[in-house]
Amino acid sequence: MARAAGNIEIGVSTPTVADLKKHLALATDQWQANFCVVPLAHPRYWRDHRRPRAEQFTRSDLVLDSNAWCRLVVGKLSPWIRLDSADEALRKQSEAAFKQEVAWAAHLNVPAVMLPPVGSDAVNYAHCVNQALLSAPHIQFWVRVPITHPPQSTAEAAGGDEDGSSGTGAWASWNRLRCLCEHAPNLGVSLELGADLPDDEAELERWLGEPSTLGLPGSPLGIFREPLRAVVTPAVAYLTNKRGYPTLSRRHQAALARLLQHKPRLLVSGRADAHSEGLGAHVQYLRYLVSQRLAPSQQERPQPRAAAGESLRYEAPYYDFLQAPLQPLQDNLESQTYETFEKAGGGRGRQGALRGGDPVKYERYERAVYLYLCQRHQPGGEPAVVMVVGAGRGPLVAATLRASAASGRRVRAFAVEKNPNAVVTLRGRCATEAGWDAVTVVPGDMREWEAPRAPVLADLLVSELLGSWGDNELSPECLDGAQAPPQAGHEARAQRYLKPGGASIPTDYTSYVAPLSSSRLWNEATPSQGTRDDLAHFETQYVVKVHRMGVAPAPLALAPTHDPRPSGAIDNSRVAQLSFDVPLGGELHGFIGYFHSTLWDDGSEAVHISTEPSTESVGMFSWFPLFIPLRTPVLVPEGGRVEAAFWRNASRHRVWYEWALTEPQPSPIHNPNGRSYHIGL
């Protein structure tokens, strides 16, 4: 049997299988397929529940050993089954056959069962499938969905509805089915790319939010979890090249390349004699396409090769993996967490100093400090007092020292850090690294430390306190404490670290948010055990490198934050009501949060860092976007509108966010009073 091509398994499906053992040998040895889709019952065996037949409806399970059944075979239901037929006798026959074949599949322990297409009003189809999902939770059920054309006849659709199996109707029918089945994790899609593709390229975007999974080593079919299980290419959709071998049109290749980013299983369906070499010629062609596919990325746009390779290498393990945001005020970060953001970014830099691992972030911070020094200070003058607040293990301190050397301006640096373990590292660097004799390490919370007023006040505050959504790691609260005495509360504050006219890097940051369609992320947020009424999972925000998502409207901005703060009352609470036009309908699973920050702008050059797609800092991996889930997915119609409200709330001891959908239908307000998730001060 062939190895999976680039971790993508390729299977074959033929209408009939006379001798299963020989067919598997042919498919896996000669055609080099990883698995076969096989009818569960004899295609000519028509069951009548009123007159049971004595002969066997299928082959014996002794034909294969249990290892072959569970690794190499995907079952396929009988094509004549009509679960929503108006003919009561046929409907009952279909229900009996459906249950019998699903029970047989469970007995064989096959990993998946291929279901026929679903119509737009297939309520009984959904009822039967839902029962099967609950009775056989170890089996994955793949619903065949043609991306464009309806089946050859209305009789092919188990739901008995032709319109529900074409274009937009196919997706709507699938979405209706999974909603009726409560988004069961073992229900998925087998998307069929027929001879013709949709005229509207946006139709393909619907399925990019229906992600797929990888198989596990040692198991060609692996463990299935996500909705898009396979992409089917019928043999009739292939063209013939000059050498007589099958090939796909350029449009098909482009569509398949988009879907390959999400690593679905590939399936060739057709007659075994579709080519002189059987379906093996099609399998080899698909292997070639897989080997030529481009490396996946969230955004399809050019980027420098070095930055692309480094960011992809770092980000790939985190694709669609939900993580709780850091709480750097409440918790002391571990060495491994610091190292995550410091490693692999250039090794040891000048003078033996450890350079920050994020090749974009620290270069831009260094550039921002350089521009500030050149604009505000003169060569040979008094040293600029730079306070790095929240210094961690010192990457921003090192960036400041490099900027000082490059600009020819001297600096006196203070590294303020509350984590006593990181302070050990900072002091070690001061003792061993060249240039660090100009650094004073301050062990303490920036909100409580009293900077010496004579003769030292800061010319510049430097921080990297931003979170995935800008202010969700408490940058406002931290810098408020650094700029004002603790007893001031939330009243007007003198900037106690800064000289009059002092500066801050960053100078501002803005949070952005957009609607998100990604059943993968929503399923990841669903508790693996317990009920879907477990609110905490859907009232928590998650850091995630979004990889599998449907097309989303452009993000909109929330209120920006500027540093240093102007004099006057400081209120870090926020409220925003936003409206998004959604040209392409689909299922809304939540929102995705970004940020854009200006580090420094001297009037002639501006330095930014951003995760917002239109201004994204390509290659920067210190921050991933923020997933803000909805408790229940909502269907948004074509040309519809999404309206939502977001709140940032602050008290003396914690900060929390609340959010609610208002259009196309209202949702409950999520996380009221921070009942499920908050950030501790």
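Just so it is clear, glycine is given a Cβ too, placed from its N, Cα and C backbone atoms.
Features as listed in TrEMBL:
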- Glu464: active site, proton donor/acceptor (ACT_SITE)
- Glu473: active site, proton donor/acceptor (ACT_SITE)
- Tyr338, Lys361, Tyr362, Glu417, Asp445, Met446: S-adenosyl-L-methionine binding site (BINDING)
- 34-211: domain 'PRMT5 TIM barrel' (DOMAIN)
- 226-291: domain 'PRMT5 TIM barrel' (DOMAIN)
- 508-679: domain 'PRMT5 oligomerisation' (DOMAIN)
- Phe341: site 'Critical for specifying symmetric addition of methyl groups' (SITE)
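Locations of recorded TrEMBL features on the structure.
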residue : record                                                             : Cβ within 10 Å
Tyr338  : S-adenosyl-L-methionine binding site                               : 19
Phe341  : site 'Critical for specifying symmetric addition of methyl groups' : 20
Lys361  : S-adenosyl-L-methionine binding site                               : 25
Tyr362  : S-adenosyl-L-methionine binding site                               : 25
Glu417  : S-adenosyl-L-methionine binding site                               : 25
Asp445  : S-adenosyl-L-methionine binding site                               : 18
Met446  : S-adenosyl-L-methionine binding site                               : 26
Glu464  : active site, proton donor/acceptor                                 : 27
Glu473  : active site, proton donor/acceptor                                 : 22
C-alpha spacing of Lys361 (S-adenosyl-L-methionine binding site) relative to Phe341 (site 'Critical for specifying symmetric addition of methyl groups'), in angstrom: 10
Pairwise Cα distance for Met446 (S-adenosyl-L-methionine binding site)/Glu473 (active site, proton donor/acceptor) [Å, integer]: 15
Tally of DSSP helical, extended and coil residues in the domain 'PRMT5 TIM barrel' (226-291): 26 helix, 16 strand, 24 coil
